[in-house]
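Colleague: Here it is, the structure in full.
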Amino acid sequence: MSTHLTETWEKAINIIKGELTEVSFNTWIKSINPISLENNSLKLAVPNDFTKGILESRYKDLIVNALKLLTSKKYNIDFIVTTEEKIEKNHNNEKSNIVVNDEMSTMLNPKYTFDSFVIGNSNRFAHAASLAVAESPAKAYNPLFIYGGVGLGKTHLMHAIGHYILHNNPKSQVVYVSSEKFTNELINSIKDDKNVEFRNKYRNIDILLVDDIQFIAGKERTQEEFFHTFNALYEANKQIIISSDRPPKEIPTLEDRLRSRFEWGLIADIQAPDFETRMAILKKKADVEKLNIPNEVMVYIATKIKSNIRELEGALIRIVAFSSLTNKEISVDLASEALKDIISSKQTRQVTIDIIQEVVANYYNLKIEDLKSARRTRNIAFPRQIAMYLSRKLTDMSLPKIGEEFGGRDHTTVIHAYEKISNNLKKDESLQNAIKELNKRINQK
């Protein structure tokens, strides 16, 4: 970075500082780093897309005017989302030692690395297993199966494994794909008669990372193709990493031959973060995004938001935005006001049959209409009985009302469902785990 650019920018932000409140300046302007100044174009590095959006909509004209006051020129401002590390490399004209092709770089999120992952009691085992696999692909645990609820860090760990392997061996062929994308590509390959290309893409590689594998349940052709892909990679001593929202034995309508293969290696779960981990996550986020958040505010967030990492980080950003837009200092009172809709809805929302039907349908990869339909196939009838059981346990609705909500069924059908699930729970461990998971998801709604 040239001395001229540095001096010009420092003078500009001194002018801008006089036009803003301290909280607005520290939150939005202080985090900017100048990258380059060419002709009438100034490139400025910002830490994230959220900051970029705020700067473009609220502060861009202020920056342009400050520079015009200094130089008598009107500059075009271009905000670039990047990190300090990337800025430094650009300044020094250094080449990255990680060599990946364009397709690879778009598959792995640069933010999801082991360094940015916050370790706590809830995820320590999954993190250790992921690092072991990254250090010794196909030698430590193969496959590695990571499961846990939404927003707990499964995808983060999978991307971190990919980055780590590419850093140590840039020539490795690493492919990250969601099960939905895998299915769509398979369908297109059949339609376009490109089966060979599809198989080459997923079988002639070193590392396969498949996210949300539970969505292939019930898709016979996809399961068939993935079975052969799994076998080809495993027999060639290539690493397979899989994520899901539940363990293999609880994925409904998954073929037994796939289920058993998923259990060949190591199964690691991620739980909701405890208070200490939630605090660490918030501090890490504030540090990365260069946000000045009082400790008591982070304690407030960590106490009120308990379900997952995404909601924690979302609450933090919401508070910062609320502070900037209202020109108020960040405090517990402001945090309470900013999050009142989120917190009150979590604290007061009652469990309803609609919520139960939504959660059960999602868990078993069904539509809510299936639970209300007249269809009696086991893959629908059993989840329907579970939903009726939970409706009886978790709501104050009468038996006739519950029956009515499930396609106008008689109250005796509800009684039968309740008794059947109650009896099965006494002897079926997998059902016990399913009910436990469903209860947790219902409570998080």
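Cβ atoms are placed via backbone N, Cα and C, with glycine included.
What Swiss-Prot shows for this protein is this:
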REGION    1-73  region 'Domain I, interacts with DnaA modulators'
REGION    73-106  region 'Domain II'
REGION    107-323  region 'Domain III, AAA+ region'
BINDING   G151, G153, K154, T155  ATP binding site
REGION    324-445  region 'Domain IV, binds dsDNA'
Colleague: What count of other C-beta atoms do you get within 10 angstroms of the C-beta of T155 (ATP binding site), across all chains shown?
Modeller: 19
Colleague: Using DSSP reduced to three states, classify G153 (ATP binding site) as helix, strand or coil.
Modeller: coil
Colleague: If you skip the near sequence neighbours and keep only those at least six away, which residues in the chain come within under 8 angstroms of K154 (ATP binding site), Cβ to Cβ?
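Modeller: Long-range Cβ contacts: A126, I146, Y147, G148, D211, S243, I270.
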Colleague: Looking at Cβ-Cβ distances, which residues of the chain lie under 8 angstroms from G151 (ATP binding site) while being 6 or more apart from it?
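Modeller: When sequence neighbours closer than 6 are ignored, G151 (ATP binding site) has S307, N308, I309, R310, E311 within Cβ distance under 8 Å.
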Colleague: Note the Cβ centroid of G151, G153, K154, T155, the recorded ATP site, then list each other residue of that chain whose Cβ lies within 8 Å of it, in sequence.
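Modeller: Output for this site, in sequence order: G148, V150, L152, H156, L157, S243, I270, I309.
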Colleague: Helix, strand, coil residue numbers for the region 'Domain IV, binds dsDNA' (324-445) per DSSP?
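Modeller: Summed over the region 'Domain IV, binds dsDNA' (324-445), the classes give 90 helix, 0 strand, 32 coil.
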Colleague: How many other Cβ atoms sit within 10 Å of the Cβ of G153 (ATP binding site)?
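Modeller: There are 27 such Cβ atoms around G153 (ATP binding site).
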Colleague: So how many of the residues in the region 'Domain I, interacts with DnaA modulators' (1-73) end up helix, strand or coil by DSSP?
Modeller: 46 helix, 12 strand, 15 coil
